[in-house]
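Inspection log for the structure reproduced underneath, given as structure tokens.
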């Protein structure tokens, strides 16, 4: 018996989608009673729900970034023998180097909302000959948001007159090349090689290119002969992100207080065959205290520093904002402290929470498109792209604030764009193409491939303008970020203008206006 593929395109999963108010949408989020409400009210409520999900993404980002920092700063003991004196030299060596950390932990982690959304969309779309529209649209919109608004924020983050430049220009050029090639490759697939369809081999090659990016960047970082560019590397601080004394002082106080509570007499009664039992118990107690503090902080609506404010309106605004965040913070308090297992458990748990939010965002977007009749690609280019890129924005802003160089802040942008294509689009396409190839012997068809191809051309053109400005700033001011306040803000406004051009032209094209 031959399987018959579902030749479904567009918003088939959305119910009876149409222009707002013309036809009742039969899709709902939680209860069937939602369909009894008017489309206008439903659209407003679903948009509020979407915005609240984006607030949740911002709430988990800080915890995710802290766990990532703890992973990167992990070191191992290396013993070397001095060939001249024949003596052993013991030193601490970082497990992660900068290039690998930027491309994997930072870029992959901050792009996880988009990757999760695209993968969920692909899994729901299994069996259809046409690919889902939310994944590619969101990832292309996210790439534009990463490149333009995030650069716009990072360039004004340093203090007035402070300059932060890329120290390893060679690694950045490698990352930039693979970022541009990602979108050129996508255009070749959609418009040149196999127009309007994606084969399993194209999807597989797309995923494998992420591995090539990792190898090439690592080779450049280590200055492998014949592969790396012959460019000198400037100084970079030993720590990937300098420690924040203020943010960890309270945790250090907890740790110290635990040790002070242990009587000194206990040392004399320790059994000789259990010399490390007390240390283990103390470490466990330390973790429990930190975990307890996470829940206490989640339920605290007004912090001590807020009570010192003289402006009552500002205090009330902060309390309202904390109340809005409280459900998310209480939920994310279940993420184990980042001190456990060098931060890996907290890192993975954060990604799981991000995946859960991405699933809800996917459902909400489907219903919003159904209720309002707005093209799903337009929602993906705008609301979804901006909301799911929030971790990218926060991570790059933190890196621009706290690092002495601009490497990680800018690398997160360029590498996230590469990850969006190689992983975020590659894996969902691989899932769908593999299923269609095995079950039907058919490739995956791309609806509105011309619109996506046009969007790629617009993105490529505007991105050239963005990168050119960064190069000019490097040549004239000596750095990509910071500098005189006036020119920093001029650069920021220009980047935002490029983003608006991308959004408007792309939305008009996929909507059939141009």
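The backbone N, Cα and C atoms fix where each Cβ goes, glycine too.
TrEMBL: automatically predicted annotations, no manual curation.
Per TrEMBL, domain 'Sodium/calcium exchanger membrane region' is recorded for 46-218, 343-506. The transmembrane segment annotation in TrEMBL covers 44-65, 169-188, 200-219, 341-361, 368-390, 410-431, 452-474, 486-508.
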Cβ pairs under 8 Å between the transmembrane segment (486-508) and the transmembrane segment (341-361), at least three: no
Chain residues in Cβ proximity to the transmembrane segment (44-65) (below 8 Å; excluding those fewer than six residues from its ends, i.e. six or more beyond): 29, 37, 109-110, 113, 324-325, 328-329, 332, 335, 338, 346-347, 350-351, 353-354, 357, 360-361, 364-365, 367-368, 371, 383, 386-388, 390-391, 394-395, 398
Among the ranges 169-188, 368-390, 452-474, the one whose Cβ pairs under 8 Å to the transmembrane segment (410-431) are most numerous: 169-188
Beyond the flanks of the transmembrane segment (169-188) by at least 6 residues, Cβ under 8 Å: 98-99, 102-103, 143, 206, 209, 212-213, 216-217, 220-221, 228-229, 231, 233, 407, 410-411, 414-415, 417-418, 420-422, 425, 452-453, 456-457, 459-460, 463, 467
